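The carbamoyl phosphate binding site annotation in TrEMBL covers A:SER51, A:LEU52, A:ARG53, A:THR54, A:TRP79, A:ARG114, A:HIS151, A:PRO152, A:LEU153, A:GLN154, A:CYS277, A:LEU278, A:ARG305. If you look up TrEMBL, you'll see A:GLU146, A:HIS181, A:LYS241, A:ARG281 marked as N(2)-succinyl-L-ornithine binding site. Summarising the annotation, TrEMBL assigns domain 'Aspartate/ornithine carbamoyltransferase carbamoyl-P binding' to A:17-164. Marked as domain 'Aspartate/ornithine carbamoyltransferase Asp/Orn-binding' by TrEMBL: A:189-314.
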Amino acid sequence: MNSSITHFTQFDSKALGEQLIQDALYFKTNPRADITKGRGKRIGCIFLNPSLRTRVSTQIAAQNLGMEPIVLNMDKEGWALEMKEGAIMNQGTVEHIKDAAGVLGTYFDILAIRAFPTLTDKESDINDYVISQFMKYTGTPIVSLESAIRHPLQSLADQITIREHSQENKKPKVVLTWAPHIKAIPHAVANSFAEWTSGMEHDLTITHPEGYELDEKFTKGVKIEYNQSKALEDADFVYVKNWSSFQDYGKIHCTDTSWMLTEDHLKNAPNAKIMHCLPVRRNVELSDEMLDGPRSLVQKQAENRIYAAQSVINHLLDSNF
Amino acid sequence: MNSSITHFTQFDSKALGEQLIQDALYFKTNPRADITKGRGKRIGCIFLNPSLRTRVSTQIAAQNLGMEPIVLNMDKEGWALEMKEGAIMNQGTVEHIKDAAGVLGTYFDILAIRAFPTLTDKESDINDYVISQFMKYTGTPIVSLESAIRHPLQSLADQITIREHSQENKKPKVVLTWAPHIKAIPHAVANSFAEWTSGMEHDLTITHPEGYELDEKFTKGVKIEYNQSKALEDADFVYVKNWSSFQDYGKIHCTDTSWMLTEDHLKNAPNAKIMHCLPVRRNVELSDEMLDGPRSLVQKQAENRIYAAQSVINHLLDSNF
Amino acid sequence: MNSSITHFTQFDSKALGEQLIQDALYFKTNPRADITKGRGKRIGCIFLNPSLRTRVSTQIAAQNLGMEPIVLNMDKEGWALEMKEGAIMNQGTVEHIKDAAGVLGTYFDILAIRAFPTLTDKESDINDYVISQFMKYTGTPIVSLESAIRHPLQSLADQITIREHSQENKKPKVVLTWAPHIKAIPHAVANSFAEWTSGMEHDLTITHPEGYELDEKFTKGVKIEYNQSKALEDADFVYVKNWSSFQDYGKIHCTDTSWMLTEDHLKNAPNAKIMHCLPVRRNVELSDEMLDGPRSLVQKQAENRIYAAQSVINHLLDSNF
């Protein structure tokens, strides 16, 4: 089996998912096993939004493969991109995404891009406008470092973590539970987690207040259970995450703090491990008790971000060059 | 022939220009041919103003020669330099350029510096104050990444691009045309392009509205033609660029949109290629039609920025160590 | 003798100080002598406050040992850390230091951290809260790049510089003199300089206006002399530095410009060399005359920052792996 992809922006197939998990676990024991594979090749990490884990883990992953990563914080370095086709650029934007994408594609062998949603322009967001423009104009393989609607490297890291902590020969029960937050948060992590967890054929339940249904594109065939306690029963893995409303786009409807996970919520799930992509608002999304206790896998997920990225970059190097 | 320079801040001679173009074309086919030449040496890329192409192309160029580039975005990283000799520093500036330049010269083997003009203090700008201070106090070779009045790496990349697209045995007709813009823009790109194009002995015409004459220092012996259509006749290369007034320093006098280049402007220049240094304000400086059409060389110029920088750094490594 | 430390955040012992000075002087003549020692290892340089010299010198030091440095400007890159244990994070902070420190400890082999004091919360500052939290939660060796109360890499560089300019068989007379400034400045450089200079058993006098006494923890056994002229008599090294009041915490009590060092102040110290950690407010803390004259060692101190950092990182690599 040799699944091949041009870009890495979403879940592709269980076969490729499996291959990427295996490679990641291999790199985790031998981070620099393929240190010469990317020699002389460059990855440009383009951040239209800030990042900590994603930036560092991607840099390390690339260096582990011998590549030279260059980070561009375009938000902070003051480079406002024009996104509209045909725009008369007599306002604040200094460069059209067409031109910037073309140049960056010339300078790098792989482009890794972070571009958050607007949370106000639903049409643009569901079309994943920014990363789509890069895919259209760049001409090089693209890795999503979180787009408007997906965060595939996070989800791959999550699948690696689930694999490491699963019992053999048991399909794990995975629950994605909504959690409170004080800000309107994107759907990308939740969407991608649903997409990958059902794609890898785990037993997935999503629980959230009514009105917080995710885009059906990502939850087809997945159990939705509005009663959180019921959803959590006998869970093996509980993924905690806030998102804003999708239907009433980008709005906050619920601030009910009883949705915040505590030990008490898991009395019927004695073996449940807790997951979160970080950064986490402590005592808002998840209690200290959970995060600092033995159920928490959050630090392990963060560590696996390195090997998820390395597995994907390795795959793109194999596929495209 | 072995032309040697200590710094790279301006056009030197046709002989050196020729050598740099040849080396650039060589590196373009073999980017890492001299990967060990700069080993153990460091280039500091100091940005007092933001940059995309210049930053990335210089980093790549240095890495292609085995050097370790370190980027300092001094504008964004909050390090306000005092520029005045003898200043009593009881205001907002935190460090004198003398001290910073001395330290940076100790830390790096080559310093590459970007420092835009004020566009308000003409005296300071025409003396190229900031880069001159670095040259005075640093003690290492300096590469200009665009100073108040010149952008020599851009101009070298432009000459490489002209060379690649010229017919053999024909002196190309090159036209530098002013274009509209909504902001007051520096003269550096236009000055340097004029300096290099006439220095390389091409047939150069400059066209612009009256009142937009560039500093004569850069246009000595060059044809000035106020009638844009007449200037563009039979052009081989049309370089499109805005600049603010030099006489009425830093002011915008003309906003006449008819100066924006479209296909219609080139009806008497069937073979004309279009050039621009990027970033470009689409449909303000140049129409989409031009930029997306077959006449455009703008992406090729951007690509050549790597090899221009590499050729220059290579030359400094040969000259100074 | 083989002194070993887990972290480098303060003066340890004269024996270790001596070893670090010797190693630094060795690396100064052979910067890349141990270029393979750190291969495959990473240092994360985390800046909660801006930096020029510290950032660049640490990067170079790490590269000289073959390590891959990654710089995170957390202040500028918009990553507000929550510092309070048990905080309900429903305000502006996006990530708890516990979680961030844990992740960074997973990603790097050594963490180097800059975290200035608040100058308003004395309790928190004297407990060196931020760096202590990193030490508690990170699990990797930590190098202080200036904490709330100490700047040990600066002080090591200062000791190297004193060593280079001392006469053999003469205990140098070292004077730390307060200087005026327009802002409230931390005590870290002064504290550490006192700690290291007395730790290395030099003859140290501190002079400052009354009310500017440093924390006694750092000045035990050191001569305090309020009369600046008297303190400066026969000095071999004069370290010039501003700090705000420690007793009336973070306040400015004195703006007396006569404390600014000029040649006239040194009429009874003919051999005195002048030191300052930079950045320096010229003609506020120190006159141009001093800084540009033959007494100044400030550029040499800055250069020694590289070898101080390299000596320490080298030591941590030897101790911890």
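Each residue, glycine too, has its Cβ placed from N, Cα and C.
Remember, TrEMBL labels are computer predictions, not curated facts.
Known features from TrEMBL, placed on the structure.
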{"residue": "A:SER51", "record": "carbamoyl phosphate binding site", "contacts (Cβ under 8 Å, 6+ apart)": "A:ARG114, A:LEU145"}
{"residue": "A:ARG53", "record": "carbamoyl phosphate binding site", "contacts (Cβ under 8 Å, 6+ apart)": "A:LEU278, A:ALA302, A:ARG305"}
{"residue": "A:TRP79", "record": "carbamoyl phosphate binding site", "contacts (Cβ under 8 Å, 6+ apart)": "A:VAL94, A:GLU95, A:ALA100"}
{"residue": "A:GLU146", "record": "N(2)-succinyl-L-ornithine binding site", "contacts (Cβ under 8 Å, 6+ apart)": "A:ASN49, A:THR54, A:ARG114, A:ALA115, A:PHE116, A:LEU153, A:GLN154, A:ALA188, A:VAL189"}
{"residue": "A:HIS151", "record": "carbamoyl phosphate binding site", "contacts (Cβ under 8 Å, 6+ apart)": "A:SER144, A:ALA188, A:VAL189, A:ASN191, A:SER192, A:CYS277"}
{"residue": "A:HIS181", "record": "N(2)-succinyl-L-ornithine binding site", "contacts (Cβ under 8 Å, 6+ apart)": "A:ASN242, A:ILE252, A:ARG281, A:VAL284, A:GLU285"}
{"residue": "A:LYS241", "record": "N(2)-succinyl-L-ornithine binding site", "contacts (Cβ under 8 Å, 6+ apart)": "A:LEU176, A:THR177, A:TRP178, A:ALA179, A:VAL189, A:ALA190, A:PHE193, A:HIS276, A:CYS277, A:GLU285"}
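For chain B, the nearby binding-site residues by a Cβ gap under 8 A, listed in sequence order, are A:TRP79, drawn from A:TRP79, A:HIS151, A:HIS181. Of all Cβ atoms in the shown protein chains, 27 besides its own fall within 10 Å of the Cβ of A:LEU153 (carbamoyl phosphate binding site).
Less than 8 angstroms from a Cβ of chain C: among the binding-site residues A:ARG53, A:TRP79, A:GLU146, A:HIS151, A:LEU153, A:ARG281, that describes A:ARG53, A:ARG281. For the domain 'Aspartate/ornithine carbamoyltransferase Asp/Orn-binding' (A:189-314), the DSSP counts in helix, strand and coil order read 48 helix, 19 strand, 59 coil. Taken residue by residue with DSSP, A:GLU146 (N(2)-succinyl-L-ornithine binding site) is part of neither helix nor strand, so it is coil. Taking H, G and I as helix, E and B as strand and the rest as coil, DSSP gives the domain 'Aspartate/ornithine carbamoyltransferase carbamoyl-P binding' (A:17-164) the counts 63 helix, 24 strand, 61 coil. Among the binding-site residues A:ARG281, A:ARG305, the residue whose Cβ has the fewest other Cβ atoms within 10 Å is A:ARG281. For A:CYS277 (carbamoyl phosphate binding site), the count of additional Cβ atoms within 10 Å of its Cβ stands at 25 [all protein chains shown]. Overall, the recorded carbamoyl phosphate-binding residues A:SER51, A:LEU52, A:ARG53, A:THR54, A:TRP79, A:ARG114, A:HIS151, A:PRO152, A:LEU153, A:GLN154, A:CYS277, A:LEU278, A:ARG305 cover a maximum inter-Cα distance of 28 Å.
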